[in-house]
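Q: Dumping what TrEMBL says about this protein:
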TRANSMEM  83-102  transmembrane segment
TRANSMEM  114-131  transmembrane segment
TRANSMEM  162-181  transmembrane segment
TRANSMEM  229-260  transmembrane segment
TRANSMEM  266-288  transmembrane segment
TRANSMEM  295-313  transmembrane segment
TRANSMEM  319-337  transmembrane segment
COMPBIAS  358-369  compositional bias 'Basic and acidic residues'
REGION    358-378  region 'Disordered'
Amino acid sequence: MRLDNVPEEAEGSRTQTSLCCRVLKSLLLCTGEIKQLDVYMEGKLFGLQLVVWGLRGVAGVILANNPLSGVLILASVFWTSPWQALLGTLGTLISTLTAIIMGQDRADVTRGEHGINGMLVALMMGAYSSAGDWYWWLLLPVCMGSVACGLSSFLDGCGVPASVFPFNIVTVLYLLCTGPNNPYYPHYRVAPPWETEPNGTGLAAVEVTHGIILGVGQIYTCGDLGPSLLILGAVLLYSPLLTFHALLGSAIGTLAGLSVAVHHDFLYTGLSGFNGALGCMVIGGLNFTFSWKTHLYAVATAFLSAYVDIALSNLLGTIGLPALSWAATLASTLMLLQNGNLAKYRVPADQVMSPEHNLRSWSQREAKNASESVNAVV
């Protein structure tokens with residue numbers, strides 16, 4: 001048996017292992033908030049900083065504070081519609097610039113929080129516009145709505161993030177002011193519930209499964225499977241735990257829709273799932289440290305968001321308005337205002353990070369408190 005090649009094979013094995021470790025370490029650096037990027041961007045050109053803040057705002061719509069996730073999400077929106085991607089980018093940048101000009105808290109700006117509502121307003125105006133793509137008159141209300149969303153800190157005094165209240169308010173005002181037959185800004189009319197065709201007796205299981213994935217994509221008005229999977233990948237890059245809650249919440253929303261026999265189109269397109277997904281993500285490890293108690297709390301929030309969405313869709317549909325994300329916004333805000341046994345798991349609004357980071361920080365605090373207690377007894 002020849003042994004002269006053994007050192008070379010061992011060296012090759014060590015090199016391969018070292019390469020795998022470096023690749024894994026590089027991938028881990030791209031997860032979470034990528035705080036090292038903020039350190040690197042200090043002192044750089046304002047335009048470059050604005051791009052990073054804007055990308056955080058794009059990803060912040062789905063609660064993923066990661067600029068690389070923002071790149072993937074923007075690509076998914078572009079995949080669905082280049083016009084929608086243009087509107088979303090414009091809305092994000094304008095609302096962020098407005099916050100900077102008005103002297104909003106710099107920490108909130110760097111986290112992209114002031115770009116979230118501008119992104120959503122722009123996307124929703126484009127989605128509901130019946131004038132088609134590349135209708136340049138639409139840029140005026142998009143810009144005005146994004147400026148209005150630049151101020152979104154009115155709930156900070158209560159310890160509750162402003163969430164997407166500005167988006168919901170501005171979008172409803174826009175749709176009420178213009179109307180479906182406006183000569184300059186026409187939009188699709190939301191049909192009242194009694195005008196839809198009755199459900200059939202059959203149900204396509206594959207389409208329902210697709211609808212759970214599409215429920216995550218509908219957060220960005222993406223109704224295609226490919227872009228929705230890319231959005232899920234962007235959330236996974238930020239936090240696997242948040243991805244799990246996104247799919248769980250969308251599934252719960254679909255289940256809630258099935259329980260009250262909503263129209264099958266809402267199940268198949270993901271419209272019955274996206275409020276449940278948002279509600280579940282807000283509570284499940286993001287604003288509360290993940291545990292079995294907070295997980296059940298997140299499930300309850302998803303069910304509440306889903307049923308409130310169904311009720312609001314029926315109510316607002318009578319006057320031709322969509323329910324938007326009012327359900328998830330109201331349900332999650334209600335849950336965040338609760339004081340009780342889960343108070344110790346609550347993460348302060350200005351310290352919210354990825355669920356994994358929140359869990360590590362909570363575990364370290366508990367271990368430190370336990371050690372101090374033991375030392376005090378001794």
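Backbone N, Cα and C atoms are what each Cβ position is placed from, and that goes for glycine too.
Caution: TrEMBL annotation is automatic and unverified by curators.
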Q: Do any residues of this chain, six or more beyond the ends of the transmembrane segment (83-102), have a C-beta under 8 angstroms from a C-beta of it, and if so which?
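A: Here the qualifying positions are 50, 53-54, 57-58, 74, 77, 108-109, 112, 114-123, 125-127, 133-134, 138-139, 142-143, 145-147, 149-152, 220-221.
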Q: So are the transmembrane segment (319-337) and the transmembrane segment (229-260) touching or not, going by 3+ C-beta pairs under 8 A with a sequence gap of 6 or more?
A: no
Q: Below 8 angstroms Cβ to Cβ, which residues of this chain, lying six or more residues outside the compositional bias 'Basic and acidic residues' (358-369), approach it?
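A: For the compositional bias 'Basic and acidic residues' (358-369), the sequence-distant neighbours (Cβ-Cβ under 8 Å, at least 6 residues beyond its ends) are 241, 285-286, 289-290, 345, 347, 352.
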Q: In the same chain, which residue numbers or ranges, 6 or more beyond the ends of the transmembrane segment (114-131), come under 8 angstroms Cβ to Cβ?
A: 53-54, 56-58, 60-61, 77, 81, 83-84, 87-88, 90-96, 98-99, 104, 108, 137-138, 141-142, 145-146, 148-150, 152, 164, 166-167, 170-171, 174-175, 180, 185-188, 220-221, 322, 324-325
Q: Cβ under 8 Å, sequence separation of at least 6 from the ends of the transmembrane segment (295-313): give me the contacting residues as numbers and ranges.
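A: For the transmembrane segment (295-313), the sequence-distant neighbours (Cβ-Cβ under 8 Å, at least 6 residues beyond its ends) are 193, 245, 248-249, 252-253, 255-257, 260, 262, 272-273, 275-285, 288, 322-323, 326-328, 330-332, 334-335, 342.
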Q: Short question: which residues 6 or more past the ends of the transmembrane segment (266-288) have a Cβ under 8 Å from it?
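A: Same-chain residues near the transmembrane segment (266-288) but 6 or more away: 62-63, 161, 163, 203-204, 207-208, 210-219, 223, 228, 239, 241-242, 244-254, 256-258, 294-295, 297-299, 301-306, 308-310, 323, 325, 327-329, 331-332, 335-336, 342, 345-347, 349, 352, 354-356, 358-359.
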Q: Just give the helix, strand and coil counts over the compositional bias 'Basic and acidic residues' (358-369), going by DSSP.
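A: DSSP classes over the compositional bias 'Basic and acidic residues' (358-369) add up to 12 helix, 0 strand, 0 coil.
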